[in-house]
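Annotated features, as they stand in TrEMBL:
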- 438-447: compositional bias 'Polar residues' (COMPBIAS)
- 483-496: compositional bias 'Low complexity' (COMPBIAS)
- 511-523: compositional bias 'Basic and acidic residues' (COMPBIAS)
- 1005-1019: compositional bias 'Basic and acidic residues' (COMPBIAS)
- 343-715: domain 'ABC transmembrane type-1' (DOMAIN)
- 757-1006: domain 'ABC transporter' (DOMAIN)
- 1067-1346: domain 'ABC transmembrane type-1' (DOMAIN)
- 1383-1620: domain 'ABC transporter' (DOMAIN)
- 433-524: region 'Disordered' (REGION)
- 1005-1031: region 'Disordered' (REGION)
- 51-71: transmembrane segment (TRANSMEM)
- 129-150: transmembrane segment (TRANSMEM)
- 162-184: transmembrane segment (TRANSMEM)
- 191-209: transmembrane segment (TRANSMEM)
- 229-249: transmembrane segment (TRANSMEM)
- 342-363: transmembrane segment (TRANSMEM)
- 383-405: transmembrane segment (TRANSMEM)
- 573-593: transmembrane segment (TRANSMEM)
- 659-679: transmembrane segment (TRANSMEM)
- 1106-1131: transmembrane segment (TRANSMEM)
- 1243-1261: transmembrane segment (TRANSMEM)
- 1291-1312: transmembrane segment (TRANSMEM)
Amino acid sequence: MESQGYLASLWQSTWDTSQFYLGQAPSSARPFTPSSVSQLAGATTVFTDSLVFPGYAATASLLVLFAQLVARSEPAKTLYKKLATSDADSVDGTEEEDTADVATEPQHSSVVTRYTAQYGGPVIFAYRVLRLLCTLGLLALSIFTAVVSAHEGSAPLGSLTLPHVALCLAYAYASILGVISVIVNANAAKLATHHLALVLAFTWAIFVYRDVWPLATFTLQPVDRAEGGLLWAKFALLTVAGVAVPLLVPRQYTPADPKDPWKPIPEQTSSLLSMMLFLWMDPTVIEAYKVPHLPLDRLPPLADYDSAKHLVKRSFKRLDPFQVKNQRHLFFGLMSVFRTEYIVLAITLSIQVITAFASPLGIRNLLRYLEADGEGAVVRPWVWISWLFIGPMVGSVALQCYIFTTTRMLVRTTSIITQLLFEHSLRIRMKAEVPDSPASSTVTTAVGTPDNASIAETEGVPSQSPTEGENHSPAGSEDETVRASTISVTSTSTTAKGKRKSKALSQAGEGKTEGPKKSEEAKGGNLVGKINNLVTTDLDNLINGRDFLFIVIEIPLQLSLCIWFLYSILGWSAFAGMATMVLLFPLPGYVAGKIQTVQVEKMKTTDHRVQSVTESMNVIRMIKLFGWEPRVVQQLSDKREHELFYQWRYRMLGLINANLNYIIPLITMIVTFITYSLVMKRELTASTVFSTMSVFDMLRQTLQGVFALVPAIIRAKVSLDRVDEFLKKTELLDEFSADSHEAEALIPKTLVTHDIIGVRNAAFTWTNESHGLSTPASPGTPGRSRRNFVLRIDDEVQLKRGHVNLIVGPTGSGKTSFLMALLGEMHYIPSGPDSYYHLPRTGGVAYAAQESWVQNETIKDNILFGAPYDEERYNKVIDQCGLSRDLTLFEAGDQTEVGEKGLTLSGGQKARITLARAVYSSAEILLLDDVLAALDVHTAKWIVDKCFKGDLIRGRTVLLVTHNVAMASPIADFVVSLGTDGRVAGQGTLSKVLAKDKELSKELDEETKGIEKAEHTVDDQQPNDEPEKSDGKLIMSEEVSVGHVSWPALKMFFSSLGGAHQFTFWLLCIGTLVLSQLFDTLETWFLGQWARQYEEHDPSEVNVPFYLAGYGILLLCSATTYCIGYMVYVYGALRASRSIHVSLVQSVLGTTLRWLDMTPTSRIITRCTQDIAAVDGPITDYFRSVVELTAAMACKLAAVVVMSPIFLFPGAFVAIAGGWLGQVYMKAQLSVKREMSNARSPVLGHFGAAIAGLTSIRAYGAQDAFRTESYARSDRWTIAARTFYNLNRWICIRIDALGALFSTGLAAYLVYGGTFNASNTGFSLNMAVGFSGMILWWVRIFNEFEVSGDSLERIEQYVHIEREPKPTVDGIPPAYWPASGDLKVTKLSARYSPDGPRVLHELCFEVKSGERVGIVGRTGSGKSSLTLSLLRCILTEGKVYYDGLATDEINLDALRSNITIIPQVPELLSGTLRQNLDPFEQHDDAVLNDALRAAGLFNLQSEMDEGRITLDSQISSGGGNLSVGQRQILALARAIVRQSKLLILDEATSAIDYATDTVIQESLRRELDKGVTLLTIAHRLQTIMDADKIMVLDAGRIVEFGSPSELLKEPKGMLKALVDESGDKDTLYAMANKAASTS
């Protein structure tokens, strides 16, 4: 019987094929004889005929369909709802059926379009109709075949006809499903379509097995060949219906939320084929190629299932601790959210692992075919040739599907965790602190190689090199520098991202940061930093550990398959090789441990340098004014050398590790081959050598994958634990805390009248004691003691509605705590049944924090804060809050962006904008926390008079915390005075409180004196006023490079690499690399030659030791040349790092003040940290990789061409096509990468700003507005990020196809196109497969080099900025200079820029040595310009003689180091007081202590022994832990230490207290050497009326210059007018006359 004969031949062919796979020759001892098969066939029934199987599939489908319909019925749904106790399924799952019938078009022009729209539109409907027609055609043809076979068959009717009847029934079922898919409702149609596709696909597979597979063999024939053309007609119809239509039909859009359908995007509606090949990305790529830069709004829009709003709805029910009923770990919540994705990942990963063996299997069988000349072959060679294309392509599609899914999860997880942390942060008590947990490790034990990158690529597990972590993190922008000044961020990369921080602010427990241990207060204050750390570093770690399925699925599966494959070919010799690998593997593990140690040390040195750079750049103006540039450059260079030393060690260990990873698999292979040939006495054929080579490589990659992945997964686990701990253990506000609800149940809050504001009989703490958490300092009160502060209200405090209520008291008495208690921010502890606290919210509450909080928006947006714009009210607010003059300083007015943390504003401006926000709001109750503290007296008086007494405040309830009782006393209707013990000292009217509180009364008298003193101020100049802006954007907008890295930037890098010996360097570098690759290629060829000997000679004649020695020598030569080249390159790379760093630092320190004014400090810091780190790491690594890959590809292509010269043209075509695709891809990717970086910063910026201002947000009740804004910003990042990752998929699939095509074409030529032996064929194929695999790496790494090259470009821009004159030999002054403080100025004019207006006009004056000269004038008169021109900080004309030498002929560092300036708010470095006074360690402690004594510090602190400032006292960055007065004293001490003959004092404003100012003035008069000339820029006349001379400036000209007594005699003199206007006229006249009489 024909069917029995087929079955017999099929058994035989299956056996032979399996033996062929496993390397066994077809054996004559066959397991089944034809007769036994016949008996078996006779015993079988018709039901085992493969033609019946489609009927089985149809039956199974029908049963499942019935079950699904029952499950979707109303009774079933009702039952399910009753039974369901856990959370509902995600929207993606269970809601799908309800979403299918949502039409994408609300209105349609005709009945036809309306009808087709419910099925997804006319195109989908047309495909469904086509499939229906095909199934009907198949049914008709099958019925015809069944009838014919029934009439013609000689066998029993059932055995021939029944299978055809079963097939007809299957087609009938398919036709019914096809009809349903086009006539019933959309839900049922969709279900029918899925079943139809599966049934037809299964049927197609059966026909492939019956009638197509036999054509690929030498021994079989198609079963249904008797049907002739009818068979192929049926097969064509089946292919269209079962394969083409499912692949080509667009997918129907299913809204994520049926109630809110969006416009679908290509990703949601593209066909299966388009999804697999990423054809839907083509329009974006083409558009990007045509334009210079593709903006965000031109990228594929956001899909509804990726929107933050939907992700929150989908995930929070499983992640949010307030919605999850059982307190499980966050990991299980995430797995539950992404369970579908992880099932897809497991399937695709398994497919990818299996298809990885396609190439070795194909090469093995092709070479066996060639070795045996086709003898005994079962499968035709074209099958194995096509296998070389189909296998890798299926693997590539599976791999890209895997990465597509993981990157989509990455983006979604980033969005979900960010929103989850934000949501939870809205509930936490800001002063509570999470107990410190071990910080995440930042060191990877895996040493990056192109191998261990494997599937994760650049957006997965850290690969390439440890510096690559930055490229796949969501946070890669340089704007993070600004953020990093307040938050602590670390990174897995060696780049400086996130290391730009002060020691005081770095995260507790971070092992790699050295510095003084922080107090408990510092820990508490760092909660904002901790939360920001969770959303940056920990989130990065979390998503980088997402590939744990590699460990769970890929590595075990691949290991098993590798062992099986090697054992099947090499027998037990494979185990000898694997034992060698296992024995040798501790070596790279040991080296990896060493690398980790060095990495930790290297990161410490990097931290130290980064900290020094950050400090230096923050005080760069002071460095320039003091002439410290050369010393700072030297100091930074020393730290850089220390860092580069560890960089060298790190690189060398990396080289050792790379060599071990290169040599171990080769030694393993050699041991295996020796055992196979010498011990087992087997022939080492070409098919054995070349197929096992790639499998050994896979085995090495598998084992290395463990080293690469485990550290990333451990980091992810630690970070996930930290996030979970934050969600579960951070203390919450009382309204969210279960403990507090229990307490309130015991002592219920007394019902109070809704309009009462007050507290009775209660205590408040910053933390619920049951949590055992440390108590931080209150905001804005540095130096708080460490006790647990308790605010106790023993009686009742009721504040007056509709009036101004003052809350006063000494520092640390709990004034801020009182407001926080009312706002519900503190833990409420009721004392009895009558306890309560109440703040009515119905009329709205506005709050102005002590630490002014502004968003990174325009000034106007900050004031409006989401409220509707009312022009009249807005203008009143601007005027009453004293902002009118400030807005005139900004050219863009209220459209000026305030920057991160308000960096473009002074403290006073921020305070007034915060106040303006509260005043503008419609809130009935205003809580103002010490808003007057940051303001000078004049501005504060204006606020009190205009704002607090104005119409906008009238009738509103104001709770004003203030130290400035004297200033606020006129408006106080009710006063609450708090004592140092946190209890109410008094309440009532001001007079009543003063009578009770003597301390407060004394303070009031002192403040009144201070206010009177300030009345004599000549101008009200504010410190830190920013220069005018040309537009609302932040200062000078940064250049964004478009396109490729410029040649000047590359030239700078290349010339730095080569140094003074360019030719030698490049010859050694490139030459050794090419030689190494040639030796590498020869190794493979030599193995082939070894194998060839077994073909041409008897195995006993093969000289194995000769070939082993030859192979060993080639291996040694390859490793040696590579090492030489690598060491030369690393030496050059370190030289480049050193040279570029020095050039950059010298350029920035040598620039003009004008340039510094136009450039934000944060941007300069980024250049010196993040961009320099890119030069140290990614740029040098990527460049080396590009050169290495180019050399390797050239050698492999050359080898192919040498063996098959005709393949020069296909090889060139593949290279050109790959290069062109790479260009197209890079054009799009550079645009998207920049947009992605730009979009991430606003997300983090908004998050950071919101966390910093949580109290304000909660007070205003603005949580929803901030959530919405957070969603919007997150969505913008998602658009860019999804496109970024999908572009990588687009290029990968195309380059993989190109490579596979090249290998397949070569294989076809070698088999069919010429007479090649197996060894040469194997060698050529090995080279071709290697070449193909490298194309993608080359494109990707070249792209990464281009992206990293942006850092080079930015550095190059800063190396070529405007510079001050460099020091010359002629400019060195004599050693004795300056011997005196004589100053002579002749026709001095100055301007800030070459084309700018003059700010000084031909000034002429002379000051004798030792004279004290006061300089006065109103704002803008040129006082500061004069001091800058004396120091040559601005462009000057005319002559200035200092001790007889013209200053324009002296080197700037010599000039400035001999003049000392004390600015209004002196800049201090973090570190000890000793380091601030003597940063370069030139003096001993005795000199420094004398200077402190002379400056008056010890006089000031004689009373407060406990907190004395000594030389070892720690100063925080910028001197933030000292008052302005103390900073002035330290600056004066520094000036005394310097012993300059000319001292310029820019006197502090009235912000300095009376006692300190008196001490400073006395010290200046008493301690300065008689030969020291003192120029004082005076803001108060009282300071300078006893000076030797007074210079009055106006509009850049000297209008008066002479002794005070003389100038006061001028009837129309300006000084006389100023004195006469003063309220202290008599005192000033007396001072001038006294000075004249004593001189």
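Positions of Cβ are set from backbone N, Cα and C atoms, glycine also.
In TrEMBL, annotation is done automatically, which means it is predicted and not curated.
Of the two recorded stretches, the transmembrane segment (191-209) does not lie close to the transmembrane segment (659-679), with fewer than three CB pairs under 8 Å once pairs fewer than 6 apart in sequence are set aside. Long-range neighbours of the transmembrane segment (229-249) within the same chain, counting only residues 6 or more positions beyond its ends whose Cβ lies under 8 Å from a Cβ of the stretch, are 123-124, 127-128, 130-131, 134-135, 137-138, 141-142, 144-145, 174, 197, 200-201, 203-204, 207, 211-212, 222, 271-273. Between the transmembrane segment (162-184) and the transmembrane segment (383-405) there are fewer than 3 Cβ pairs closer than 8 Å, counting only pairs 6 or more residues apart in sequence, which means the two stretches are not in contact. Here the transmembrane segment (659-679) has Cβ contacts under 8 Å with residues 447, 449, 451, 566, 570-571, 573-574, 576-578, 580-581, 584-585, 587-588, 591, 688-689, 692-693, 696-697, 699-700, 704, 1083, 1099, 1102, 1104, 1108, 1111-1112, 1115, 1119, 1122-1123 of the same chain, all six or more residues outside its ends. Counting only same-chain residues 6+ beyond the ends of the transmembrane segment (1243-1261), those with a CB under 8 A from a CB of the stretch are 418, 421-422, 425-426, 428, 430, 475, 479-480, 482-483, 486-487, 528, 531-532, 535-536, 820, 823-825, 841, 844-849, 853, 855-856, 865, 900-901, 921, 923, 927, 1269-1270, 1273-1274, 1276-1277. Residues 21, 335, 384-385, 387-388, 390-392, 394-395, 398-399, 401-402, 405-406, 455, 549-550, 553-554, 557-558, 561, 565, 687, 690-692, 694-695, 698, 1303, 1307, 1322, 1325-1326, 1329 of the same chain, all 6+ positions outside the transmembrane segment (342-363), place their C-beta atoms under 8 angstroms from a C-beta of that stretch. A mean pLDDT of 78 is what the model gives for the domain 'ABC transporter' (1383-1620).
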